[in-house]
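TrEMBL has this to say about the protein:
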{"type": "DOMAIN", "residues": "3-205", "note": "domain 'HpcH/HpaI aldolase/citrate lyase'"}
{"type": "BINDING", "residues": "63, 112", "note": "substrate binding site"}
{"type": "BINDING", "residues": "112, 137", "note": "Mg(2+) binding site"}
Ligand SMILES: CC(C)(COP(=O)(O)OP(=O)(O)OC[C@H]1O[C@@H](n2cnc3c(N)ncnc32)[C@H](O)[C@@H]1OP(=O)(O)O)[C@@H](O)C(=O)NCCC(=O)NCCSC(=O)C[C@H](O)C(=O)O
Ligand SMILES: [Mg+2]
């Protein structure tokens, strides 16, 4: 399960000091956009030091800057990293280039350019473990304006889910920039969950709790799942009725998935 994945800017000593204790599903240590050019060496050294410690989060990812991959590999190889996040993936070459330098490392592709969306079919079959939406870069590339309910990038979000699911990959929604806007964030989590995303990338620790609630089954979903399992118990029927609704065996599989989540 990866419901919540928090970006930690490696150039920020206070944020890095908090990383070990943050109770999100995944941490994404960022060496790309959250690090200024003059901060690069210090950020990398701080990350190497931090990765030597333990974390409450189950999964530790590093978002690389492809331009500096050689130095990043040299500084971090042998340290605990569960996967690399590749930003601005336009096509398969962006993935094979990283895999060549860092073989056997699980890779995640950020889909945040027009080319990335257009080439999703090849990116999703290039051996990556997951896809991550990047709404900020995507809007920049598309020259779109942020619209209500993300109407301007909805097609891309749905394509990310579609190609991810078709290839058995994890799919994470993009960040919500207004980190003090709790209601707006909750609504966007709800939308991401409804679109089919497994979880969401975050920029602030205050977003973790609400995100985990949104991407976990609701009480109503658990109630429905239990009722479906009960309805099929000891029954050989292909279809039954639960609370006035048709339920088929495909719903039983869905119910088991909800109860397992
Ligand atoms: C957005 C922020 C710059 C806000 O920071 P700040 O004003 O310092 O917030 P607070 O005062 O509320 O912070 C309270 C304390 O929490 C720590 N903190 C804040 N954010 C994080 C974090 N992400 N991880 C760990 N700790 C964090 C602060 O240091 C404060 O500590 P203390 O003073 O000791 O109490 C900031 O939240 C931030 O930088 N967020 C992450 C930004 C980032 O990583 N950006 C890159 C990834 S997002 C992206 O690239 C999108 C994608 O690619 C796309 O295209 O869409
Ligand atoms: Mg981006």
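The backbone N, Cα and C atoms fix where each Cβ goes, glycine too.
For the recorded site, residue 112 (substrate binding site), the DSSP three-state label reads coil. In this structure, the binding-site residues that sit close to ligand 2, with a C-beta under 6 angstroms from any of its atoms, are 112, 137, chosen from 63, 112, 137. For the recorded site, residue 63 (substrate binding site), the DSSP three-state label reads strand. Summed and averaged per residue, pLDDT over the domain 'HpcH/HpaI aldolase/citrate lyase' (3-205) gives 97. When other Cβ atoms within 10 Å of the Cβ of residue 137 (Mg(2+) binding site) are tallied across all protein chains shown, the result is 18.
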